[in-house]
Amino acid sequence: MTQIHDIKHAQTERNEWGSSWQFLLTCIGYAVGLGNIWRFPALAYEHGAFLIPYLICSLLIGFPLLYLEMSIGQFCKAGPAVAYGWIRPAFQGIGWSMAMLSLLIGIYYNVIDYNWEF
């Protein structure tokens, strides 16, 4: 009985963001990435009209999906694999793929940052 209580108690204790600004800036920094910052001036100079469809797609597709993902995580108060597993057990793979993709992106940006410094 104590082990089950300890597991439930440990699962409810999760770190939280210090402020809403900290969360917002982290999400923006993760979504934008270095590749977009490096390519944006060249693309805007070369194909200035792409900015209008880009903003429309961001508003109609990107932001709703971002809010959906954040609300699922906030509602479940769990990692991506558990959160998507609660929706439907078959969706647990989506959560694991999101975690693996985050790991690969983190490794990629660390390699870029390391090569940029030296």
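From the backbone N, Cα and C atoms, a Cβ is placed for every residue, glycine too.
Keep in mind that TrEMBL annotations are predicted by a computer and have not been checked by a curator.
Positions annotated as transmembrane segment by TrEMBL: 21-38 (among others).
Here the Cβ of Asn36 (Na(+) binding site) has 10 other Cβ atoms within 10 Å, regardless of which shown protein chain they belong to. The Na(+) binding site annotation in TrEMBL covers Gly29, Ala31, Val32, Asn36.
The transmembrane segment annotation in TrEMBL covers 50-68 (among others). Taking Cβ pairs closer than 8 Å, the transmembrane segment (50-68) reaches residues 27, 31, 43-44 in its own chain, all 6 or more past its ends.
Annotation comment: TrEMBL describes 89-109 (among others) as transmembrane segment.
Listed in sequence order, the residues of the same chain lying 6 or more apart from Ala31 (Na(+) binding site) and placing their CB within less than 8 Å of its CB are Leu66.
Within the chain carrying the transmembrane segment (89-109), a Cβ under 8 angstroms from the stretch's Cβ atoms is held by residues 33-34, 79-83, all 6 or more beyond its ends. Note: the Na(+) site is recorded as Gly29, Ala31, Val32, Asn36; in the same chain, Ile28, Tyr30, Gly33, Ile37 also have Cβ atoms within 8 Å of that site's Cβ centroid.
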